[in-house]
């Protein structure tokens, strides 16, 4: 084998001893070259050095027993694996020659070699004639890994290597953070940890207590069976961890004081250099780990993956109880869809950021329940009153014998209004007085949802000890630091060219500059990227986004042409059934085309948004995520809603005989006699349901399983034929390596924000939208949970006290909802024309005659040349006057076909409704925002109580210190008096006796 090599620093050794031991194993260089040349361990074994330790470590890497719990612990079975680094390796046949020459390379060559974008290409080693070929690229990666791992050990972390695995060609480096490192980093990160002090949580009394107890008994069957979800009456007082105040914390069990989530967070931040302001020597060690940190090494292929381990298996026989198994049973299962989420356990396992996402998704899903109920009531009201709707009854009455004008030129003929009876009756289901009430309700619902989430978020912040947490500036991203380094070296090069008359001095400065960079000095403290550096990226972003938006508009325009041409083609059909179903057929097929295009472009736009964000080179991960969310939201918003906006507000309502033409041949389509609301309902329902079913569910289920199956086939093809190797149980880190890497929460949030728009923007045309969103989210929660628990590698836990810029997007969407709903009700539906007719033109105070009032007359002799129907006798009689939907003067009027007074009356009413609706609903939303406080009263009281208790704890501690000092002073005074009363024969040794009197031990 010869490949299972590990560095095994003992936890009992001091950090200096650990560093010395690892440096001896990892490097054989002079002191001045340490950290620049790292010798390949396997090459050392090949030439005969370090044979004893190599044999020992190889024996440890074979046949792992159950003491290490199959990869959850180091080989000694005591030290827990907190993080895993994965790398590809090739056993080089030229390792011996390379090891011999590595000792002779100049340090400046090695330093300049690391600055190359493709490691290993900058150095050419001379080979003898009989020496085998050397893969410099792979060996350079190995050198960089060993150098980086040496820096990790210098920072106090403990490492163990394992290359004797079932996955051939893959090596693993296990990382363990000892207790002193955990304490040090927890103090720097200001992690709030529970103290020994416990206090009583304020409980309700009287009637409220009885109501709460009744609610708890009713909801007991839908509560998850986890300890973290049970209501607590006491809480431990939390305080930022401090090594000087360890006596405040309960350290009886040090192994469980920092849970696995916290340990992985500490390890991930330890190599980024976050949060440290003092201790320069240790800071330099951390910057060595962070300067060319794990992100950069992953990008360059030095490591292939880095992730914390899952707690264990979640299925199978004899599986030990663990949080992952509990989450799988009580959260990531479709059988528990009716239960609350164990949010506290989710936070404990995945961290606050992911916990907040699932908490927000749970609150949003709960709030959809009342919206769904009201939507169902509105829909049932429409079903119950459809037979009493006078306008639809008039349209279906064949005795009216209303002849309508053609829908297209030449090929379309005249048609009877009664043929649109089904469409008119269906329109009433979604276009009735109750939909206006529902629009107002949903606007208030959106405001209430936002306030409810703010209160829930504060409760979680209190429960998770995040009330005093302030997000510090993140460590700069590796890509940003690489750009800054490139800029700095470019400036240095220009400076060198400017002073080319002093070659020796310039060369020395350049060499010193490289050494400074390799030492880990943060250039980002002196240099930074300005808008001039980012201008090409900003220009690319602007042009790219404009192009993508233009592409979306072009596709919608193409679908419009398809609708027009298909309608004209179907109108030529010889069968009456084909001609009668033209509108439904065209609408349904066009919406399906829109759906397919939206799903495809949604995936494309997601990749483009990420690429556009990457070329901007944001400084921190937080900036990267915010910019990515903005771009993804903009592109996906335009992609999903452009077809719906076209139907709602821009679909043609042209004057008969004076049409708008596309390319001088395609006449713009018109709305149906019952209005465009029914078509808008069809468009919205198909796009919403299809997007949720195909993209959100099938893609999320199918794509991860397909990738997992492909990885399984590759591993099966590469698997050794050795029976013992095949039967060996995989280590935990091998199993987790085969899982899909975590890609962030941006896609999950985007999915829900787009759905939130479907629920609120055009809810007047589709009252059942909240119901379908609710059903989707019930599945979505369990689907996402199953994906996080079983399909993804465990993400690094990230602390966060809110959901970031997502809340801002929701607020903007809520404000935009008011405008969209007001215009949908005013201009898309017939609600305002019906009100105007009822109160201004109706003779008997009913809706009788409304349809005839909204139709204008057209004399067929006024058709433009070449636009009249080819078959004017299609209905069996000659048509002289046809009707079309508009407010125009009749052909027998003096100002024929001019806009009538009725049009201006209806337009004034529509604009007035928009103004009144927006201001009324906005006032009501602001009132809801004002009347509901963001911080619950009981939470504010508990936070104040915690502060008071913490002050009391420190006051008692100071009083104890003062009492102890007074006790020491009294003892000192009494012993001094005793020394002064000694006999004269001891006076010659007075000074010695006095010193002995004051030599009592001081143990605090």
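Heads up, the Cβ atoms here are built off N, Cα and C, so glycines get one too.
Curation plays no part in TrEMBL annotations; they are all automatic predictions.
As annotated by TrEMBL, domain 'Anoctamin dimerisation' applies to 73-343. What TrEMBL lists as region 'Disordered' is 104-140, 972-1004. The annotation compositional bias 'Polar residues' is assigned in TrEMBL to 104-115. Summarising the annotation, TrEMBL assigns compositional bias 'Basic and acidic residues' to 130-140. For 346-946, the entry in TrEMBL reads domain 'Anoctamin transmembrane'. As annotated by TrEMBL, transmembrane segment applies to 357-381, 434-453, 538-564, 584-608, 628-649, 752-775, 806-827. Taken from TrEMBL, the feature compositional bias 'Low complexity' covers 983-996.
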Same-chain residues at least 6 beyond the ends of the transmembrane segment (584-608) whose Cβ lies under 8 Å from its Cβ atoms:
423, 544, 548, 551-552, 555-556, 559, 562-563, 566-567, 570, 632, 635-636, 639-640, 643, 679, 682-683, 686-687, 690-691, 694-695, 747, 750
With pairs 6 or more apart in sequence, are the transmembrane segment (752-775) and the transmembrane segment (357-381) linked by at least 3 Cβ pairs under 8 Å?
yes
If I take every residue in the domain 'Anoctamin dimerisation' (73-343) and average their pLDDT values, what number comes out?
74
Distant-in-sequence neighbours of the transmembrane segment (538-564), which means Cβ under 8 A and at least six residues beyond its ends:
408, 531, 586-587, 590, 593-594, 597, 601, 605, 608, 612, 615-616, 631, 634-635, 638-639, 642-643, 646, 662, 666-669
